[in-house]
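Notes follow once the structure below has been shown.
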Amino acid sequence: MDKFRMIFQFFQSNQESFMNGICGIMALASTQMYSAFDFNCPCLPHYNLAYGLGILLVPPFILFLLGFVLNNNISMLAEEWRRPRGQRGKDPAVLRYMFCSMAQRAMIAPAVWVSVTLLDGKCITCAFCTSVPVETLGNASHTPLSQGEVQRVLARIPCKEIYNGQQLIANEVAVRYLRCISQAMGWCFVLLMTTLAFLVRSLRPCFSQAAFLKSRYWSHYIDIERKLFDETCAEHARSFAKVCIQQFFEGMSTDLVAARCHLPRKAPPDAGEAAEKLLGITDQGTMNMALKSWHRCKPPLHLHPPAL
């Protein structure tokens with residue numbers, strides 16, 4: 001239990017660790033989804049290709065979009081991209097870094113799905129069973145069959161229980177042939193993804209280390225600034241609500257005293273502290289103006305001592 005708690009605390013330590021944990025969970029979920037998926041090839045000449053390639057490509061696309069949806073930075077990126085320029089300029093390099101970072105993490109689960117699917121071989125067997133070279137692996141001259149009949153027979157290769165073309169080509173031979181091709185494609189895909197990840201992680205700092213550090217720094221800054229702004233707004237809302245409630249009950253106490261019901265209670269000792277946290281923003285219109293001003297013209301990133 002302590003190990004799980006330590007892992008959970010590590011994932012919560014910063015935004016990148018949290019998103020890495022989410023991507024790892026999605027990758028494990030993709031393998032579990034494929035293992036639990038009941039693959040049923042239609043075994044029809046005009047539907048096998050669409051079904052096989054659909055199972056191979058559609059779920060990775062959904063997982064890729066889901067990786068963007070689960071990424072907390074997508075809203076921050078959209079907000080930074082669409083906000084007015086105001087008093088602070090927008091750096092395209094920072095926006096590109098944020099998008100590339102999210103895209104790399106979102107690609108993990110789809111890559112795992114494609115790798116597992118190719119290594120298993122069912123999708124390729126279903127999609128390309130009609131392309132098996134009968135002249136090389138089977139006996140095309142055994143029975144005089146037309147091209148359409150041959151296609152219908154080969155389309156039943158994934159369905160061993162209804163396959164009736166053993167005289168044309170053995171089912172085990174065709175399945176083994178297609179599965180070997182699929183596994184070769186799967187290992188090539190894994191090697192390609194690993195090589196690309198290695199090149200990106202190792203060669204990128206060699207060419208643009210200063211620009212990479214700058215983009216990474218300001219990306220973290222935007223994330224931290226947004227969190228601090230949300231926390232400040234939440235604290236102001238809490239103080240605003242506390243002062244409003246206290247004023248309401250004080251007014252009710254005054255009315256009850258005027259009606260000679262009971263004596264008013266003393267104000268809570270933290271009333272002054274809550275009023276100080278309002279920072280002079282004590283009405284709804286002023287708060288709305290402050291929020292609009294933050295969105296339209298964020299303060300420039302230039303720290304200076306307060307003017308006397």
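Cβ coordinates are placed from backbone N, Cα and C, and glycine is handled just like the others.
All TrEMBL annotations are machine predictions without curation.
Note that the structure is predicted; figures quoted are calculated from it, not measured.
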Would you please say which range out of 49-72, 97-120 has the annotation transmembrane segment in TrEMBL? 49-72
Other parts of the chain folded back onto the transmembrane segment (181-200), taken as Cβ under 8 Å at six or more residues beyond its ends: 104, 111, 114-115, 117-121, 123-125, 128
